[in-house]
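Database features, via TrEMBL:
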type	residues	note
DOMAIN	14-159	domain 'Phosphoribosyltransferase'
BINDING	Arg47, Gly48, Asp102, Asp103, Leu104, Val105, Asp106, Thr107, Gly108, Lys109, Thr110	5-phospho-alpha-D-ribose 1-diphosphate binding site
BINDING	Asp103	Mg(2+) binding site
BINDING	Asp106, Ile149	xanthine binding site
BINDING	Asp106, Thr107, Gly108, Lys109, Thr110, Trp148, Ile149	GMP binding site
BINDING	Asp106, Ile149	guanine binding site
Amino acid sequence: MTERLPHERGFHVSWDQLHRDARALAWRLQSEAPDDTGWRAIVAITRGGMAPAMIIARELDIRTVDTISVKSYDHQNQSEAVVIKAPDMNLIGDGDGVLIIDDLVDTGKTLEIVRKQMPKAHVATVYAKPMGREMVDSFITEVSQDTWIFFPWDLALQYVEPYRGQG
Ligand SMILES: O=P(O)(O)OC[C@H]1O[C@H](OP(=O)(O)OP(=O)(O)O)[C@H](O)[C@@H]1O
Ligand SMILES: Nc1nc2[nH]cnc2c(=O)[nH]1
Ligand SMILES: [Mg+2]
């Protein structure tokens, strides 16, 4: 599977690392809140945004959490992102005072369509690649464009050969 990815590097994130990085993002977002009452809601971008959104909601004591689902379709090798489930717009409105959370931004296509729905929201991701960095207001760690980020929900513990004897 992984050999087929057109990326030179792999960045493997453990649950512990994700927890630390999401908490670091929450700490930063706390100081960026619009006023003393804090952020009024979170919109998590499914599915990858749900784990960091839960951690941030806990740290910032945000109880209103909604989701937006974006799916990329391939049309003659050009991918197009489409919203297949929107948040409750009566609750979220234009996004003022709302945090949008995703695990990462890569090309920025997902965030482009999400931002159109909630133009005043504050967009935050845990990880960012250079192409999409301009689409986020806050992030924690940048990786190079040719890096593939592996999240803990896509990984399993397994045996690896010792270095000595390889290559
Ligand atoms: O900046 P982009 O190039 O749009 O890529 C970033 C998006 O891609 C991944 O989600 P994916 O669509 O794979 O779905 P998932 O979160 O359900 O795994 C990731 O979780 C981001 O949401
Ligand atoms: N897991 C994962 N999903 C992605 N979607 C777009 N880029 C990435 C990435 O680097 N890792
Ligand atoms: Mg995603």
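Every residue, even glycine, has its Cβ placed from backbone N, Cα and C.
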Cα-to-Cα gap, Gly108 (5-phospho-alpha-D-ribose 1-diphosphate binding site) vs Trp148 (GMP binding site), nearest whole Å: 15
Helix, strand or coil at Leu104 (5-phospho-alpha-D-ribose 1-diphosphate binding site) [DSSP, three-state]: strand
In sequence order, those binding-site residues of Arg47, Asp102, Asp103, Thr107, Lys109, Thr110 whose CB lies under 6 Å from ligand 2: none
Distance-selected binding-site residues near ligand 1 (C-beta under 6 Å), from Arg47, Leu104, Thr107, Trp148: Arg47, Leu104, Thr107
Sparsest Cβ surroundings (other CB atoms within 10 Å) among the binding-site residues Arg47, Lys109: Arg47
Whole-number Å value for how far Lys109 (GMP binding site) lies from Asp102 (5-phospho-alpha-D-ribose 1-diphosphate binding site) (Cα to Cα): 12
Nonlocal residues around Thr110 (5-phospho-alpha-D-ribose 1-diphosphate binding site), in sequence order (Cβ under 8 Å, 6 or more apart): Ile45, Val70, Ser72, Ala81, Asp102
Largest separation between Cα atoms (Å) of residues that the record links to GMP, namely Asp106, Thr107, Gly108, Lys109, Thr110, Trp148, Ile149: 17
Cβ-based isolation winner (fewest other Cβ atoms within 10 Å) among the binding-site residues Asp103, Thr107, Ile149: Thr107
C-alpha spacing of the residue listed as 'Mg(2+) binding site' relative to Arg47 (5-phospho-alpha-D-ribose 1-diphosphate binding site), in angstrom: 9
Binding-site residues compared (Asp102, Asp106) - highest count of Cβ atoms within 10 Å: Asp102
